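> Here it is: the structure, laid out below.
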């Protein structure tokens, strides 16, 4: 059994005072990044079976996320002509999910090829948490945009311009970068509770509150009498989107932030408990990259039809080529809204019960 005083690979990269703190048995004060960078090795050494199981799960998440989000990126960038604010936010969300997935192979490479090297671990740790925070903020942007488009269509028209959406996306990336660096720079072992609470409120509880409030507002709007059938259906669709995002928040992001707050409040929590909780929470947050494609189905009315059109050929009636472009518009001659898919020289029509997305 190795001695508690033995030097570990990452200790060489830490100041002498930090190494001395480890040898004295106390928790050293160092940035959270240093802790995150070595937790993979600690889990593998302490619970090798759990480590192997989680690596299999992460590998599955990587493959599924790469396929689903790669397909979504192609559909929204190449097959969707109308770049509404929701589509703009969704494209950025897809990019963050792809980067989260791509960070997993980097994690394996660092663990097996550069174990204990803090410089090698920094890109993976920074990229992972940056994209997690971006996912939270872009999901919030999508929900706010859907609420404004459905419940406040006239008053919000000024704020739902493409230029405004692009500016919001730039701000989100910058804000996520600042929050990520702040989180990774928090000193553990000291009085870090206030800073951890502030960051948790800023980048998790506040977005969760926004989504919860807007979901309640749409539910109240649905209860109003006299709504037209089309208006009610569009509000139901928006509520389904908000509820889906709310579930993703609770399942994927709550465990990680709850663990961070718990460790800050109770620094003497058993080390093995904290270690397992961290890795389970990180796995659930990675699962977000596979759950977000559910959200895409509510962004535009034609997303599901477009995806089906890419995979299913219907004889001579449905033969897409590499140059095909899917377009959506509303027929003015029909008695009901019609969803028209223009695919090469062929045209398919189907009722668009939810109406065109604003």
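Quick reminder: no glycine exception, Cβ is built from N, Cα and C everywhere.
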> Going by the topological domains annotated in Swiss-Prot, do residue 79 and residue 297 sit on the same side of the membrane?
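Taking the topological domain names from Swiss-Prot at face value, residue 79 sits on the side where residue 297 is.
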> Pick from 47-67, 299-319, 320-340: which stretch is listed in Swiss-Prot under transmembrane segment?
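When 47-67, 299-319, 320-340 are checked in Swiss-Prot, transmembrane segment belongs to 47-67.
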> Between 7-27, 196-216, which stretch does Swiss-Prot give the note transmembrane segment?
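It is 196-216 that Swiss-Prot describes as transmembrane segment.
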> Does the transmembrane segment (47-67) reach the transmembrane segment (275-295), going by 3 or more CB pairs under 8 Å (6 or more apart in sequence)?
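The answer is yes, given that the two segments have at least 3 Cβ pairs within the 8 Å cut-off.
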> How about long-range neighbours of the transmembrane segment (124-144): same chain, 6 or more residues beyond its ends, C-beta under 8 Å?
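Residues packing against the transmembrane segment (124-144) from afar: 33, 36-37, 86, 89-90, 92-93, 96-97, 99-100, 103, 106-107, 110, 168-169, 172-173, 175-177, 179-181, 183-184, 203-204, 207, 210-211, 214-215, 241-242, 245, 248-249, 253, 256, 282, 285, 288-289, 292, 295, 299.
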> Excluding the flanking five residues on each side, which residues at least 6 beyond the ends of the transmembrane segment (275-295) place their CB within less than 8 Å of a CB in that stretch?
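For the transmembrane segment (275-295), the sequence-distant neighbours (Cβ-Cβ under 8 Å, at least 6 residues beyond its ends) are 39, 42-43, 46-47, 50, 54, 57-58, 61, 64-65, 68-69, 72, 90, 93-94, 97-98, 100-101, 104, 128, 132, 135, 139, 142, 241, 244-245, 248, 251-253, 255-256, 258-259, 262.
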> Per DSSP, how many helix, strand and coil residues does the topological domain 'Cytoplasmic' (68-84) have?
11 helix, 0 strand, 6 coil
> Restricting to the topological domain 'Cytoplasmic' (68-84), report the mean pLDDT as a whole number.
84
